[in-house]
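Visitor: Shown below is the structure under consideration.
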């Protein structure tokens, strides 16, 4: 008999929570049933049961050969194989299998039937549930094949059993708690029949129980490292302190398939992986054990990554990306990989600034910059840093920009920011900052901190501050001592200086090497052989260095090439003027600046030639006022304003030019590109409200067009652009009342018609009315090939796409806004061009960003139900004036109609409506001058095109069958909104009316039900407009009051659980004759059925029941003499209609995207109560988890949680009936975008550099080997060194000089000696 030994070191791992189980692999269960104790061997049946799923076929095997198989009439969990009387021919080894989707399952455990009169030998195995240390809990399982056996556990050395059990099934579990060394030993299990204590089974195979953890734990290391690419080699070394042990290595994700043993001579073992694969990623550990299976502690877990791309890293700056000079800042770098080194890089520098080794990378890794200066400002990123070679590609990474604020220094650099701090020793109400060089400059602050940015190099100057206190808010203090901001202006940085120095140095080195080669060739063109190596080496080295330098320059240029990120520019603000003309047009002039961006913090007003005028914070309307007072000659000039956001300054607004104290500001004229034969609008912006506009053409004295007061701007229209309309245009503004005051003419606008390509096709992939944060893609396409595209917003270029190589026969470009902001709205268009010819502008797309203003109300006039062929007007009622409105229909991408209005509402006419106009409509309003910031969408309004109102439905809540005194609400429900309802009661002349309902439901509450409330009700629509459309009444509702008669009884035939398609009869038995019976179902507001039988019982027949007929039923009855006054409810009766219960739904929370190391809760929900849920994972034979509430927590330990899941459930009252599995739910891993690490050009350059370096090394090695031999020859002939030879060579090269020295003779000899060689 073979002795089976189990080491708890392994078994405690196998079933550790969160790990993959090795012991259970979806094996079926096989057991015996017989008619013992009367005749235990005369009627034997073998049962085979599937562990987790139903099957259509089952197979019985005997002695490794097929004996028989059964196909049941329907899928089931278990089947029986009848054996009959046990004879010699029936003895043997039995196993069974069941049919899965792709073949037969694993066979069951072996059942051995021996000769009659002896029970089968039980199966004996062991499991542990905690880590393998003394004190863990162990379960010993004994499987006895028969029901209701007595199980005995014996231990070697003991005559009596150490434990026994009488379980109800076929298996006993013997538990050993707090495992101790005294529990070691050999165990066996035997069984016998309770009624026949003398009939014993054969002893099971023995188990040797060994307590692990008796030896110290080994160390596990990886060579060359724990992170490698697929296809590379890995060596794992497990080293312990004791020689002669057997070492074992395992991967926790798949213990059964990745379990390795080695018995080396030394105290260490190497486990080799020659060709790594992605699936080799996981957590590895090792241990060792002696010949008696006494094991060591487990090594520390070693995580091995096999990946072709590093996961993405991220970088976070603390405390802020904007840091004051001299302070400390930490850059925290993180990623999915731990135990790997990290390196901090700064843009513009090749070498890393700092390193973090692998031991310190534990998830909270920070690089520290102390006493930051301007040199530390820049863009930083972090990467994984490995100390071994690997071919893993670098993934994408985020960058952060560190800005250094030069406080408290007073040295001001152009483009930098300084914080001026005004401080006093007592509380103040407000601080004020003045700039002596700008008399109109003034800033205010509550905390005394003023940020000064040196825009346009004008930040230097002398500043002072003052304050006021709350007790005297109108009195300001004396000014502080002045502070002067000075310093060199410019943008030179150490980085740029170093770059230039490197370039100059490289150029000088190349020039020096070239000069050296020329000099050697000129001075030594007649050198003898023993010095020839110097010339060859110098030339070779010089040329190799030149080639390497050029390659390095090319590599740097290629490596520093960055992908251009298209960022939406900060929209420029709008500037205008307000005054109280015509009474005093220049006595009280105020300039206003407004930004279309909702994130604007401050506004700055500037004047050409003077600079900074003033700064004002943004109001709630995202605007600011700059009062100038009475207009004087000092105010004349050109003004513009900027808006400031968190880290950006907008473009300047259009310039407003004040030209005199009695002349209106000069307007600004603009127009789109003129296209032959098409309409052209010329825009004239006049800065002030209530002005008249005039358009002039050069060469004509009178205006070509004039417009009255239409706001601050006017649009002149040329209906059809022709050659005669070309020329220079200008516009002027004037006051509306005499005496007229005119502005200066605007700058001229030249209109020239050019030959153009046809306009492109321009659209958005989804609706142009979007919510903040949405993704918007613009598609610009043309039939012309190889075109470049430009995207415009409000006439300004914001993005381009060069040479969009599309499908044959056309070109296409896609412009993407990943997350729309409130300032991204506007009018978008596109154009395409080739080398010299441009296309016409596309039709504009108005992108409206909603949820900035309150939603409007949409109403239909005369009503939402319209006869075919009639007109209907949809009125969109907003809140603010001067908005633009858009009408949308559900199912269409683009708005149906647009309207601009000076009021607060817009009317959209649907003319001669037909069936295609039926549907839901909504509307939105938005600003046209402020990036199309829009309102939320209105509540949808359904428009019905029909000659008859749809029939409403009347129901009662909570039910139409209620007890006396209860409150009930009658709901008249219909699909038409904005219509009144009328409620009728049978036998009464008056009706209840509900006018102008704004929802699609009308509620009629009835308080404290009494006898007067009992009756039959109906309802109908009651439109508040005159309409020939027909009105239909609703269904009739009977309001029944219960509790006045004895309750009936309710029975079901044939039973409470039936298969779909069968017939069911519900029998309601009352106690009084001449009654009407009412059948009710829980959850429904209306009775299901009513009957008036001749006797005391009503039979409610339900033919061909379906799943939806499942539920809780009850019944009541009432007498014909007192209708609708009913009895108490019968007892509730629950009915299940199922062959298989309906499949559940499976969802994931918070999402199906699985981040490594994070948990996901899978929620399995079914329609039936009192069930038990089971979760299955594709690739695993056995169910993974069971739950009564349907919640399963999946931890993605080692990345094993990813895959396809499904769930099912079974009824606790009917445990053999399982539902269909749910739809498959896939959990996927979060993966960042993979970035291409280097270009093909850089790969080629890098290869050439390697070739050059190798060639350089070979040349130097060859010459170095020649040098000692040449030195020896030279010393034998003339005994002089290299220096003397060079000097003589120089002398020989001089004209008129002869040399007869022995050295020269020796040189000649040396030359002659080498010729034969």
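Backbone N, Cα and C define each Cβ position, glycine as well.
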Visitor: From the set 43, 1008, 1128, which residue is assigned the annotation N-linked glycosylation site by Swiss-Prot?
Guide: 43
Visitor: Among the residues 871, 920, 1204, which does Swiss-Prot list with the feature N-linked glycosylation site?
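Guide: Record annotation (Swiss-Prot, N-linked glycosylation site): 871.
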Visitor: To which residue among 827, 967 does Swiss-Prot attach the annotation N-linked glycosylation site?
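Guide: Swiss-Prot records N-linked glycosylation site at 967.
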Visitor: Which residue among 364, 371 does Swiss-Prot mark as N-linked glycosylation site?
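Guide: Checked Swiss-Prot: the N-linked glycosylation site annotation sits on 371.
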Visitor: List which of the glycosylation sites 43, 371, 871, 967, 1063 have their Cα within 10 Å of the Cα of residue 328 (N-linked glycosylation site), in sequence order.
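Guide: For residue 328 (N-linked glycosylation site), the glycosylation sites whose Cα atoms are within 10 Å come to 371.
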Visitor: Consider the glycosylation sites 43, 967, 1063 and say which one has the Cα lying nearest the Cα of residue 871 (N-linked glycosylation site).
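Guide: Sorting the glycosylation sites by distance from residue 871 (N-linked glycosylation site), the top entry is 967.
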Visitor: To the nearest Å, how far is the Cα of residue 967 (N-linked glycosylation site) from the Cα of residue 43 (N-linked glycosylation site)?
Guide: 66
Visitor: Residue 43 (N-linked glycosylation site) to residue 1063 (N-linked glycosylation site): how many Å between their Cα atoms?
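Guide: That separation, Cα to Cα, works out to 38 Å.
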Visitor: Rounded to a whole angstrom, what is the C-alpha distance between residue 1063 (N-linked glycosylation site) and residue 371 (N-linked glycosylation site)?
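Guide: It is 86 Å, counting Cα to Cα.
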Visitor: Test of understanding: give the count of other CB atoms lying within 10 angstroms of the CB of residue 328 (N-linked glycosylation site).
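Guide: Neighbour count, Cβ to Cβ under the 10 Å cut-off: 12.
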Visitor: Over all shown protein chains, what is the count of other CB atoms within 10 A of the CB belonging to residue 1063 (N-linked glycosylation site)?
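Guide: Looking across every protein chain shown, the total is 12.
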